Amino acid sequence: MSGTLVLVRHGQSEWNLQNLFTGWRDPALTEQGHGEAKKAGGLLAAKGLKFDIAYTSELTRAQVTCQHILDGVGQSDLNTVKNLALNERDYGDLSGLNKDDARTKWGEEQVHVWRRSYDVPPPGGESLRDTGARVWPYYMHVIQPHVLRGETVLVAAHGNSLRALIMALEGLSGEDVIKVELNTGVPIIYKLNADSTIASKEVVEG
Ligand SMILES: O=C(O)[C@H](O)COP(=O)(O)O
């Protein structure tokens, strides 16, 4: 039996708009971000998707995105599980700094390595590998069993917690994952086979 896993990065946050490293800080969605999340709900509703359960992080931007999507598909009261394992990568000492200011201070290349490499942590923060070390076990033990039972599962989370998840799901290398970029509020629908291999992947851009 094949199940469905829908991954969505939260809509634009106030700190995305201001170009600040966010990590575990908790800014709200912007107006645009609310709109992106509602649009994602509408696109999933148009596909006739109904969820069995939803997962999100402990951060407001992901939780509000999750709720907008559930409202959009007519499932406002669906069982929604919040867990810190799905939080954004901890950006450590970079949290709250402007990304362009960081490039000026440390250089374009160093900042790119901190943002996109697999195993180089930003100062005081998590590498993508560190993030994966909490995301992946949570996915394997808590989320995936639902999908493998044939259920339809929503995960509303963050750019890097989802990059870590996608890396493991798709079997990407540390080199491959550097190129993975997730847009805010754009759902990715995976159909998984019963043996957890990927039957199909669709990026839902409206
Ligand atoms: O935490 C952040 O700053 C963003 O959500 C993701 O940042 P990134 O684009 O640098 O990975």
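Just so you know, glycine gets a Cβ as well, placed from its N, Cα and C.
Whatever TrEMBL says is automated annotation, not expert-curated.
Copied over from TrEMBL, here are the features:
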ACT_SITE  His10  active site, tele-phosphohistidine intermediate
ACT_SITE  Glu88  active site, proton donor/acceptor
BINDING   9-16, 22-23, Arg61, 88-91, Lys99, 115-116, 159-160  substrate binding site
SITE      His158  site 'Transition state stabilizer'
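Everything TrEMBL records as a feature, shown here on the structure.
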| residue | record | Cβ contacts under 8 Å, 6 or more apart |
| --- | --- | --- |
| Arg9 | substrate binding site | Ala157, His158, Gly159, Leu162, Leu182, Asn183, Thr184, Gly185, Val186 |
| His10 | active site, tele-phosphohistidine intermediate | Leu29, Gly33, Ala37, Leu59, Arg61, Ala62, Val64, Thr65, Ala156, Ala157, His158, Thr184, Gly185 |
| Gln12 | substrate binding site | Leu29, Thr30, Gln32, Gly33, Glu36, Thr184, Gly185 |
| Trp15 | substrate binding site | Phe21, Thr22, Arg25, Pro27 |
| Gly23 | substrate binding site | Glu88, Arg89, Asp90, Tyr91, Gly92, Leu94, Ser95, Gly125 |
| Lys99 | substrate binding site | Asn19, Leu20, Phe21, Val111 |
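Among the recorded positions His10, Gly23, Glu88, Gly159, the residues whose Cβ sits under 6 Å from any atom of ligand 1 are Gly23, Glu88, Gly159. Of all the Cβ atoms in the protein chains shown, 27 others lie within 10 Å of the Cβ of the residue listed as 'active site, proton donor/acceptor'.
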